[in-house]
Amino acid sequence: MKNVLVLNASLQGENGNSSQLTSEFVTQLQQTESIKVEKVDLNTLNLPHLSAQEMQTWSMLSDNMTNDQAALAAYSNELLAQLERSDVIVVGMPMYNFTIPSTFKAWIDRVARAGRTFSYTSEGPKGHLQGKTVYIFAARGGIYQGTDNDTQTPYLKLVFGLMGITDVNFIYLEGLNMGEEYAQTSWQQARESLTTLLPATV
């Protein structure tokens with residue numbers, strides 16, 4: 001049985017376009033094989049921005065922590081445990097002001113940890129999370145794929161690659177604010193991409 005971690009970053013929760021697409025993908029995946037799904041709504045999780053105080057707890061022994069320090073350490077430790085036990089990561093990724101949502105950046109700051117998910121070596125960083133697959137469902141009001149304005153794709157490939165995850169797949173749902181006809185066509189194309197992905201996921 002595969003463990004599937006679903007991370008939704010839309011401000012609209014389950015009503016967001018990217019969240020709807022991750023839901024459709026997981027539903028279809030459940031029909032093809034036995035999976036265990038762990039779902040995280042990053043908007044309601046309400047992670048604070050990473051602070052120096054929280055980062056300091058990562059190098060502390062749990063027995064030496066105060067209650068407040070233990071609570072800060074738990075942010076990263078719990079998210080890391082979810083990521084490490086997952087086989088497949090499914091991400092609902094809207095675009096806000098040409099970049100990723102701040103809630104997803106807060107998640108990245110907790111899981112991209114030197115000494116845990118990657119290490120620095122004389123030959124450069126070495127990731128520790130090989131063998132996982134990522135599917136990113138990128139919903140956008142305009143059309144950015146393949147242009148300099150698409151900052152998400154290279155950044156997310158870079159940060160997952162840092163952790164050793166190189167099988168990163170993007171499904172684009174673009175032009176959603178460019179008229180009903182264009183949006184419908186984009187949805188159709190995205191759903192067709194789902195059926196193509198499923199055989200490779202099983």
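The first residue you see is number 1, and the count goes up from there.
Even glycines carry a Cβ here, placed using N, Cα and C.
Swiss-Prot names MET95, TYR96, ASN97, PHE98 as FMN ligands; from the candidate set SER10, SER19, SER186, the record adds SER10 to that same site. The number of other Cβ atoms within 10 Å of the Cβ belonging to TYR96 (FMN binding site), over all protein chains shown, comes to 15. Our reading of the FMN binding annotation (SER10, MET95, TYR96, ASN97, PHE98) yields a largest Cα to Cα distance of 14 angstrom.
All protein chains considered, the CB of ASN97 (FMN binding site) has 8 other CB atoms within 10 Å. In the three-state DSSP assignment, the secondary structure recorded for SER10 (FMN binding site) is coil. The DSSP secondary structure for ASN97 (FMN binding site) is coil.
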